[in-house]
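Report on the structure given below.
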């Protein structure tokens with residue numbers, strides 16, 4: 001592939017699907033705070049004037065679902081009816097059951113190391129050296145644009161902004177290297193009284209220019225700011241939101257494959273989430289070690305079985321050591337059994353609500369973003 005374009009999108013914390021993700025993970029965090037061994041599968045649905053929280057939860061903890069929901073919506077910024085959604089007046093419904101005992105008997109073990117996977121499935125992790133956080137540039141900058149939108153909305157720089165927003169960035173590549181940005185799309189919900197011209201100028205100056213590196217912008221870069229001309233109705237009034245509907249936004253923006261499992265609302269016994277984090281950790285350490293420029297890891301599981309059913313390493317021809325050696329290094333330095341990866345990444349803590357907007361990867365405060373195995377891998381591979 002010589003010259004080509006690649007596009008990724010992101011959505012803000014006020015997007016309906018992301019509201020749902022954040023509520024699900026806020027419930028998970030509140031439970032893990034009291035009961036680290038809880039089994040949680042929490043799903044959320046949001047629509048005009050209402051939130052429905054459901055799922056299967058087995059725990060000794062008690063949490064106030066309604067209070068957690070209202071606080072989460074309030075923090076996002078939906079605090080008045082003219083925004084189409086109000087944390088103080090929306091209805092909060094709960095439909096929570098317990099996890100099936102048939103699943104429990106496959107997961108729980110007398111020996112924790114033999115803890116089985118909570119379900120079958122395949123998960124992918126990815127890393128590339130095209131950015132400082134070892135993530136693909138298109139999704140990295142799409143996230144940063146909507147993060148900036150939230151920042152200038154909340155700090156009062158652009159007080160007419162509202163919580164719902166989407167971004168999309170198209171990068172130009174030549175022989176695998178970034179040569180520029182071809183197109184930028186940013187759509188943001190706004191108050192009724194701001195005109196289109198003022199909005200476009202402010203978004204360009206306060207959101208786009210501070211985030212996108214000037215060396216990647218040129219006279220042919222196309223900018224689409226609120227291209228429909230109006231975005232007053234947004235959030236749950238504009239669209240219903242569901243947990244787990246933004247799995248590509250949550251991961252690599254389409255640059256890597258995806259096993260199909262969503263993350264939010266799931267405790268770490270669910271390998272959909274924990275093994276995807278572990279696969280990112282493995283891929284990132286391989287790239288950080290200089291063993292490859294790009295790396296994709298696939299891992300798969302059978303329900304109730306501890307050992308992965310498969311591990312695959314793909315380096316797209318960028319490897320500096322033989323592929324067979326990479327597989328051996330992964331097996332030697334990373335414990336990808338469910339209990340092993342939970343311990344390796346210290347996952348039994350309330351760290352998940354923060355993951356639920358702006359991507360689960362590429363933010364250094366998460367334990368799966370550490371590169372503490374990079375030097376070990378490099379030494380074991382015999383690289384100077």
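Cβ atoms are placed via backbone N, Cα and C, with glycine included.
Keep in mind the model is a prediction, meaning the values are calculated, not measured.
Checking the ranges 88-98, 99-109, 110-120, 121-131 against Swiss-Prot, the region 'Flexible loop' annotation falls on 99-109. Annotated ATP binding in Swiss-Prot involves 164, 165, 166, 230, 231, 239, 245, 246, 262, 266 plus, out of the candidates 4, 15, the residue 15. Of the residues the record lists as binding ATP, namely 15, 164, 165, 166, 230, 231, 239, 245, 246, 262, 266, the two whose Cα atoms sit farthest apart are 36 Å from each other.
The secondary structure of residue 266 (ATP binding site), as reduced to three states from DSSP, is extended strand. Taking the C-alpha atom of residue 56 (L-methionine binding site) as reference, the shortest distance to any of the binding-site residues 15, 17, 43, 230, 239 belongs to 43.
The Cβ of residue 266 (ATP binding site) lies under 8 Å from the Cβ of 28, 40, 41, 42, 272, 273, each on the same chain and at least six residues away in sequence. As a whole-number mean, the pLDDT of the region 'Flexible loop' (99-109) in this prediction is 59.
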